[in-house]
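Note sheet for the following structure.
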Amino acid sequence: MDAAHQENQAARRPGKSAGSTDQPMRITVLGATGSIGKSTLDLIRRNPDRFSIVAVVAHSKAVELADLARAVDADCAVCADEASGLALSSALSGSGIATGAGETAVLEAVDRPVDMVVGGIVGSAGLKPTLAALKPGRILALANKECLVSAGDLFMRTAEDMGVRILPVDSEHNAIFQVFEADNASEVEKVILTASGGPFRTLSLAEMEQVTPAQALKHPNWEMGRRITIDSATLMNKGFEVIEAFHLFPIRRDQLGVLVHPQSIVHGLVQYTDGSLLAQLGAPDMRTPIARCLAWPERMSAPVERLDLGKIANLTFETPDLGRFPALKLAMDALDHGSVATAALNAADEIAVEAFLTGRIAFLDIARLVGETVDAVLQQHGGVRFAGVDDVLAVDAHARALAVEWTERRAS
Ligand SMILES: NC(=O)C1=CN([C@@H]2O[C@H](COP(=O)(O)OP(=O)(O)OC[C@H]3O[C@@H](n4cnc5c(N)ncnc54)[C@H](OP(=O)(O)O)[C@@H]3O)[C@@H](O)[C@H]2O)C=CC1
Ligand SMILES: CC(=O)[C@@H](O)[C@H](O)COP(=O)(O)O
Ligand SMILES: [Mn+2]
């Protein structure tokens, strides 16, 4: 390559991104000890000039959080669990890293000035801190999909009021984000989320009656936390993702579709009125969508496997079977019923997944429990409109109580 060509190439290279300004981009990571949190911190550690970590937040894994905080030289580390505060402060004593524990400490950590917050807490426990992260001038890289399932309208309204840009971390939504042409939104016909189908994709309902937590925790393609892994096995995760997509993109409910794609290589697709179907492909490694968010609107290098499509050879697609995977239908129906139903859906599912993992209910009971709980909550709170987070948490608490009763009846 001659010098003039090199100069030309360099001139075409984008100079700065949200993360490559003169000052490093300041980031807070919620759910730092989880699968999303650790993938995020891995990318950040590889780019110390580009990013600096302000706060890392977890629930109770104090020692692990302390190690991560040291590794990225965070300003502060916080456990949401009050009782883990002592373990955290001793693990970080002498490090110069500030520590805290409990809900107020989490909200104070979220309040520290940053450019981006990565929302990687699991479940509706993430709702308050992630809502609190919505402050003017920030970007929210959102993985915690339960925020949108529990409180999508409220969450998106707050983000809009605050002028916060939400970048989707969830692989399907990140894929769609990458191929969704905002300028041609009115020409979008369909948005398609792919689903691996989970470990029980080919099992009959009778066979699924017998499956164990250990089998359900073996996702065919992704390494993830326990809750989302079980949700993938029931396809509730895909139902949540339909709700998530409805809130994230300017589309109607009837434009959303799900396609089972066992290889998890094609993550999401957008179909346009001219017949074009645009897709994003990548190895099943969350560092690709996370990197897309961290570097947005540019790109950055990510240490993920490169696809060799010649070797992969076959990409296959199937229509989801709602008879064998009723959780997907429950979620789509909940979206049609509105906010109360989706909040109850998430809360009931959190209880159901935990009950399954601890051997108190069977795998197929998850959808039974969730369906009956959503119906019962709708009967009582059907017409409620969420004005604030406390309204959401009231429905969430009611659904949890009913779901616990369901589990107890099952066990007796
Ligand atoms: N893993 C993945 O590949 C993907 C995940 N997502 C979504 O991202 C979110 C995180 O998933 P994942 O990383 O797999 O989950 P993990 O179970 O691996 O991690 C959950 C994280 O949340 C923290 N946490 C739990 N409860 C609280 C709380 N009350 N306050 C503060 N922190 C809390 C945990 O802390 P501690 O370790 O101390 O308990 C941990 O850091 C979920 O919403 C999931 O649906 C979306 C797409 C892909
Ligand atoms: C990695 C990710 O985004 C998960 O949400 C993943 O999609 C789960 O796999 P399923 O497609 O099996 O739900
Ligand atoms: Mn996903």
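Cβ atoms are placed via backbone N, Cα and C, with glycine included.
According to TrEMBL, the protein has these features:
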BINDING   Thr33, Gly34, Ser35, Ile36, Asn144, Glu146, Gly225  NADPH binding site
BINDING   Lys145, Ser171, Glu172, Ser196, His219, Ser232, Asn237, Lys238, Glu241  1-deoxy-D-xylulose 5-phosphate binding site
BINDING   Asp170, Glu172, Glu241  Mn(2+) binding site
DOMAIN    27-152  domain '1-deoxy-D-xylulose 5-phosphate reductoisomerase N-terminal'
DOMAIN    166-249  domain '1-deoxy-D-xylulose 5-phosphate reductoisomerase C-terminal'
DOMAIN    281-401  domain 'DXP reductoisomerase C-terminal'
REGION    1-24  region 'Disordered'
* To do: Starting from each candidate's C-beta and looking 10 angstroms out, tell me which of the binding-site residues Gly34, Gly225 has the most other C-beta atoms.
  => Gly34
* To do: Compute the C-alpha separation of His219 (1-deoxy-D-xylulose 5-phosphate binding site) from Gly225 (NADPH binding site), stating it in Å without decimals.
  => 10
* Asked: Can you list which of the binding-site residues Glu146, Asp170, Glu172 have their Cβ under 6 Å from some atom of ligand 3?
  -> Asp170, Glu172
* Which one of these binding-site residues, Thr33, Ser35, Asn144, has the sparsest Cβ neighbourhood, judged by other Cβ atoms within 10 angstroms? -> Ser35
* With respect to ligand 2, which members of the binding-site residues Thr33, Ile36, Asn144, Lys145, Glu146, Gly225 satisfy a Cβ distance under 6 angstroms to one of its atoms? -> none
* Could you check which of the binding-site residues Glu172, Gly225, Asn237 have their CB within less than 6 A of ligand 1? => Gly225
* Asked: Checking the binding-site residues Asp170, Glu172, Asn237, Glu241, which are within 10 Å of Asn144 (NADPH binding site) at the Cα level?
  -> Asp170
* **Lys145 (1-deoxy-D-xylulose 5-phosphate binding site) and Asp170 (Mn(2+) binding site), distance between Cα atoms, whole Å** => 8
